[in-house]
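A.B. asks: Here it is, the structure, as structure tokens.
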Amino acid sequence: QLSEDVERVSENPTEEREGEMEVHEDSSSVILPDGELGTTTPSLRFSKTCLKNVFSVILLFIYLLLMAVAVFLVYQTISDFREKLKHPVMSVTYKEVSLYDAPGIAFYPGKARLLSCKHHYYDHIPPLINPGQPGDIKCTTQRINYTDPFTNQTMKYALVVQGPRDVKKRELVFLQFHLNETDQDFSAIDYLLFSSFQEFVSSPEKAKFMKDCESSYSSWKFSGGFRTWVKMSLVKTKEEDGSETVEFKQETSVVNYIDQRTKPRSDQLFFVVFEWKDPFIQTVQDIITANPWNMIALLCGIFLALFKAADFAKLSVKWMIKIRRRHLKRTRQVTNHIS
């Protein structure tokens, strides 16, 4: 019987293989119900994957929006910086001092004559004893002749007086002029303020110094028959090339002088007081509010955010592609397994 069975197998090998395939098919048919029970799991996985993809797309659009905002900020920052470069802002600072550099007061009296000059303190000016008569001249004065800087032909005569220094003691300079006669309907004396009397004294060419002062500074007048009170303040202006210019601002108050001389006079008396208004030196300069280092730091931060957003978007796209491929692969596996 064994030999007969062996001969029968050797004669019909295909039938045995078909039997084995039938067995395998039966076994696969036995596993099939488990596959039918597990068909709900891929659908759940598909819904989670779909939600993740939708969320990734939303994040991608958000980061694209942020990138657009960052690009707009870069453009706005550069435009604002260029605008600030074109329009600098005026900066005003105040420096308090106890002593000023004594200014120079240049008078152009014409035919008038200086009668008295004296420094007083604490705003106290004693009454005049002999108005209209020569008195004490206790001021540092110098006389200078020079040609008019605007005509270069007319000779000008100037009396230069040292101004007040001590602002804490409220130092002032009181001057009295006398004009015997005048051919004009009104009488006035011109004066000019410049920043440093010491610079005038130490200048080797005083005539040129006064010509430059007259070309640079404004001149004012005070009238006869009045007591003119001049309160000065100093303003320093720094130019773009680094140079510094100095000018004076002044507040002037005029008080009528009551002439109590016994005999009526045809002459004119001039009284003028010079005093510092406050102990603050005003410094004016143009500054550019746009700081290039702040702009560079802002641009670096914006570009860093752009690169990070682009990197995140690239990783999000790669992750979406990977999830999609994995989902397709699982779908093919389930389809092949079911088939």
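Any Cβ shown, glycine's included, is placed from N, Cα and C.
A quick note: this is a predicted structure, and the numbers were derived from the prediction, not measured.
These came from TrEMBL, pasted as-is:
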COMPBIAS  1-27  compositional bias 'Basic and acidic residues'
REGION    1-36  region 'Disordered'
TRANSMEM  54-75  transmembrane segment
TRANSMEM  293-317  transmembrane segment
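Locate each feature and note its surroundings.
C.D. replies: Sequence-distant contacts of the transmembrane segment (54-75), counting only residues of its own chain at least 6 positions beyond either end whose CB sits under 8 Å from a CB of the stretch, comprise 298-299, 302-303, 305-306, 309-310, 312-313, 316-317, 319-320.
Beyond its flanks by at least six residues, the transmembrane segment (293-317) meets 56, 59-60, 63-64, 66-67, 70-71, 73-74, 77-78, 81 of its own chain at Cβ-Cβ distances under 8 Å.
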